[in-house]
């Protein structure tokens, strides 16, 4: 999460808030929406924390090929969850753009994201010139806000469950 915070700071310094960083808890048994929100806010106020039912978490994990496994439980509240450590870069249209493993630095992540944001801005500019319209961002991949994330999950990109995940 500290790395994600640094990426936010690097991108915000250049572009302003162009995207909403999202954290999805894989432990809905312990992580209530309030706890997830509190946890995310400790790192950065713009990180949207999401959780859902066990089934929703399973579907999201499968969609993004996230590994997780509950370790040995000593009781219902004292356990660890082993999980993959991956940051995903997803467009506002819900499409996967890239992923960043745990060995990639915040600067490297921000540079890759920056390149895509600049590329999308250029595409939007070219579409605008061709179409002669004021708003040409409907096909852009980047710049996903929190409400778009909720719509993305509830509209099935990737299909998670019948109800949207909780923030």
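Yeah, the Cβs are placed from backbone N, Cα and C, and that goes for glycine too.
Feature annotations, reproduced from TrEMBL:
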- 83: Cu cation binding site (BINDING)
- 121-142: region 'Disordered' (REGION)
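The residue listed as 'Cu cation binding site': 14 other CB atoms within 10 A of its CB, across all protein chains. DSSP gives residue 83 (Cu cation binding site) a strand state.
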